[in-house]
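Taken from Swiss-Prot, the feature ATP binding site covers 142-197, and the record attributes it to sequence analysis. What Swiss-Prot records for 269, 283 is Mg(2+) 1 binding site. Residues or ranges marked as Mg(2+) 2 binding site by Swiss-Prot: 283, 285. Residues annotated as domain 'ATP-grasp' in Swiss-Prot: 116-316.
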């Protein structure tokens, strides 16, 4: 495992990338953020001389991707139909190399229950959880997880549909709020402490963790609005924690990333428990935000990588996970 700084290829010729598509927008609840991310990526690629073009599957038939003549695409979609393996599967069918994780890793990481169960099998620390349903025994849920606790859709991002519940009486409404977005709803143990995030670049033994960022939100409320549209959230990069503790968290995040089979890039959210500093993995994002408020560009800047250079290198990592087998012949 490596945890040193990620260094872009110094001799990368932008023209060698060919015609690059930036897939943005889409049909998820995170469309607004995806448009911000994608337009930032598009501008960065063009500023480096790349022949880059937008493609929005929210307004164009997604099957039209095959006719665009893209040599590769940068996926700037967030949430469903973009971060869950669906667009990745389509691109595999079309034979168009793409950035980020493949079909299975994307699907696993998008599903919080699947992610947490897999991490548990690898003995990786993640908060306890219960899957909810309309007739749940709310008192039993609170007894198991304690209060406060978190209720959220199993397959949404950007804190959409999330509620911090402080009493049993609040659980039914929190469940209904999340259930309007997803049929699968999770109640998760609340970990009191510092919220961190850690970006990872690469694949397998070459996976590299970027510096940790500590997120300090007003009233510890790092919701959708505070993530993207306000300036009162404070980001500390590198996170002000001892170097040995930071290295342990980075190593844990790389383990979590590998366990899901992620490649290209990703970003994990972590809580550091207040009373003992123990880290807990919350989730893995396989198509992180690239807006002006986003955290991966911030971590990259901390090791001397500009937004434009990061995006250029990201585009260069586009690949296919599957190989065509139509030419296979038995030996």
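Glycine is treated like the rest: Cβ placed from N, Cα and C.
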Between the Cα atoms of residue 163 (ATP binding site) and residue 283 (Mg(2+) 1 binding site), what distance do you get, rounded to the nearest Å?
16
Under a criterion of Cβ-Cβ distance under 8 Å and sequence separation of at least 6, what residues of the same chain contact residue 191 (ATP binding site)?
127, 271, 273, 280
Suppose you look only at the domain 'ATP-grasp' (116-316); what would the mean pLDDT be?
94
Counting other Cβ atoms within 10 Å of each Cβ, which of the binding-site residues 142, 149 scores lowest?
142
Return the residues near residue 285 (Mg(2+) 2 binding site), defined as same-chain residues 6+ apart in sequence whose C-beta is under 8 angstroms from its C-beta, sorted by sequence, else 'none'.
83, 109, 157, 266, 267, 268, 269
How many neighbouring Cβ atoms, not counting its own, are there within 10 Å of the Cβ of residue 163 (ATP binding site)?
21
I need the CA-to-CA distance for residue 156 (ATP binding site) versus residue 283 (Mg(2+) 1 binding site), whole Å please.
11
About how far apart, in whole Å, are the alpha carbons (Cα) of residue 170 (ATP binding site) and residue 283 (Mg(2+) 1 binding site)?
24
Tertiary neighbours of residue 177 (ATP binding site) (same chain, Cβ under 8 Å, six or more apart):
151, 161, 163
Same chain, 6+ residues apart, C-beta under 8 Å of the C-beta of residue 283 (Mg(2+) 1 binding site), given in sequence order:
109, 112, 115, 268, 269
How would DSSP class residue 142 (ATP binding site) in three states?
helix
